[in-house]
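Trainee: My questions all concern the structure below.
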C-alpha cells in the first residue's frame with residue numbers, strides 16, 4: 001500500500017512532464033465525435049470575415065457590427081383584422097407606415113395633407129424616374145453578355161393594401177407581440193421589414209395567378225395575400241414540417257373563406273421540378289430561395305447551416321438556387337415577372353445565381369429574360385433602408401445600426417418569350 005501511495009505522489013509531482021510518466025499511466029485527451037472544436041456561429045463569422053471583408057472592404061466592419069446586434073423589425077398589418085384601430089395605436093407609439101410614406105412621394109405637389117385630392121392621379125417625380133443607382137456606369141454595360149437590363153420608364157406600382165409599420169431610423173423601440181382581435185385573428189405579423197420589398201417589387205395586380213416557390217415560414221406569403229390581388233396563390237415548400245408551420249400562420253391571420261383551396265393552394269413539392277409540373281402558368285413568381293441566412297448563422301446554433309454535418313449542403317447552395325430560379329422562370333407566363341430574393345450578402349448566392357440562370361435559360365431553354373431596373377423603387381425607400389451602392393444586378397439592403405434591417409437581396413426578372 002505504501003508503494004502505491006508513493007507511486008501516486010510521483011505521478012502528481014511529475015504531472016507537467018508527461019515524458020517522465022510511464023506509458024501505461026498516460027492519458028490521451030480525446031474529443032467526442034459530437035463535440036465541435038468551434039461553434040457554428042464562430043465558423044460562420046470567420047467565413048464572413050474572409051469573404052465579406054474582401055467583398056465590402058472598409059464597409060464590412062460596420063455591417064459586421066450590425067449583423068451581430070439586435071435586429072430591427074416591422075409590423076405587417078393584417079387587413080382582415082381590426083386594422084384601423086391598430087394602426088392608430090402604432091402611430092401613437094411613434095411608428096410609421098413606410099409603404100404609405102413612399103407612395104405619398106409619388107403624389108403630385110398639389111395634394112393636400114400628403115394625400116391626393118379626389119381622383120387626382122399620381123405624378124411620377126423626374127428625380128426618381130432618373131433611377132439613381134449610385135453608379136455612373138450605364139446599365140447596359142453592367143450586365144453580362146447575352147443579358148439585357150430594362151430601364152425603368154414608369155413609376156413603381158405599390159400595392160395600397162400592404163401596410164408595414166416601422167420605427168424611425170435610430171429608434172430601437174420594439175413592437176409588442178400581436179394580440180387576437182374580436183374575430184380571433186392576429187393584428188400584425190412581425191418580420192424583417194426589408195422582406196416586404198420583394199413583394200412590393202413583384203407588383204401583383206388584381207386577377208394575377210401567383211406562385212411562391214419557397215414559401216415557408218410564411219412572411220412573404222402573408223404579404224402576398226394582404227395585397228388582396230391574387231386570384232389564385234400557390235404556396236410551395238419542399239419541407240413538410242415547414243409547410244405545416246405555414247398553414248398555422250395563415251390560420252392565425254386569414255379568415256377561412258379567404259384561404260380555401262381554390263384561392264390558396266399549399267404544397268410540398270421539390271421546387272426544382274415545378275417548371276415541369278406547371279410551366280407557362282403564373283403571372284407572378286416569387287423565388288425566395290434557401291441561403292446561408294447570414295444573420296441567423298451568426299446568432300443561432302440551432303439549424304445553423306455552418307454545422308459540420310451541413311458543409312456539403314452549404315457548398316451546393318448556389319447550384320440549388322440556380323435550379324430553383326430556372327424552375328420559376330419556366331413556371332412564369334411569357335411576359336410574367338419572376339422575383340428572386342435571398343437574405344444573404346453573398347455575391348455567389350445573389351448576382352452570380354441570377355447571371356447563371358439567365359444564361360442557362362437563354363442557351364438551353366431558348367427563353368429570353370430581361371432584368372428590370374429597381375433603382376426607382378429603392379429611391380422611394382431610401383429613408384427607411386440602407387441600400388448598397390453600385391449593384392450590377394438587383395438591389396441589396398445592408399444592415400446598419402441606425403436601420404438594422406436585412407440583409408435582403410432581390411432582383412426582378414421578366415420573361416419575354
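Cβ atoms here come from the backbone N, Cα and C positions, even for glycine.
Curation plays no part in TrEMBL annotations; they are all automatic predictions.
What you are looking at is a predicted structure, and each value in this text was computed from that prediction instead of being measured.
Pulled the feature table from TrEMBL, pasting it below:
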- 343: active site, nucleophile (ACT_SITE)
- 214, 215, 216, 217, 218, 219, 220, 237, 270, 288: S-adenosyl-L-methionine binding site (BINDING)
- 114-416: domain 'SAM-dependent MTase RsmB/NOP-type' (DOMAIN)
Trainee: Roughly where does the domain 'SAM-dependent MTase RsmB/NOP-type' (114-416) sit in mean pLDDT, to the nearest integer?
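Mentor: Within the domain 'SAM-dependent MTase RsmB/NOP-type' (114-416), the model's average pLDDT equals 88.
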Trainee: Report, in whole Å, the straight Cα-to-Cα distance of residue 343 (active site, nucleophile) from residue 220 (S-adenosyl-L-methionine binding site).
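Mentor: Cα-Cα distance, residue 220 (S-adenosyl-L-methionine binding site) to residue 343 (active site, nucleophile): 13 Å.
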Trainee: Does anything in the same chain, at least 6 positions from residue 270 (S-adenosyl-L-methionine binding site), have a Cβ under 8 Å from its Cβ, and if so what?
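Mentor: Long-range Cβ contacts: 238.
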Trainee: At the Cα level, what's the spacing in Å between residue 216 (S-adenosyl-L-methionine binding site) and the residue listed as 'active site, nucleophile', rounded?
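Mentor: Counting only the Cα atoms, the answer is 14 Å.
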Trainee: Near residue 220 (S-adenosyl-L-methionine binding site), how many other Cβ atoms are within 10 Å of its Cβ?
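Mentor: Its Cβ has 25 other Cβ atoms within 10 Å.
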Trainee: Rounded to a whole angstrom, what is the C-alpha distance between residue 343 (active site, nucleophile) and residue 218 (S-adenosyl-L-methionine binding site)?
Mentor: 14
Trainee: Which number gives the other C-beta atoms within 10 angstroms of the C-beta of residue 216 (S-adenosyl-L-methionine binding site), all protein chains shown included?
Mentor: 26
Trainee: Taking the Cβ of residue 343 (active site, nucleophile) as centre, how many other Cβ atoms lie within 10 Å?
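Mentor: Its Cβ shell of radius 10 Å holds 22 other Cβ atoms.
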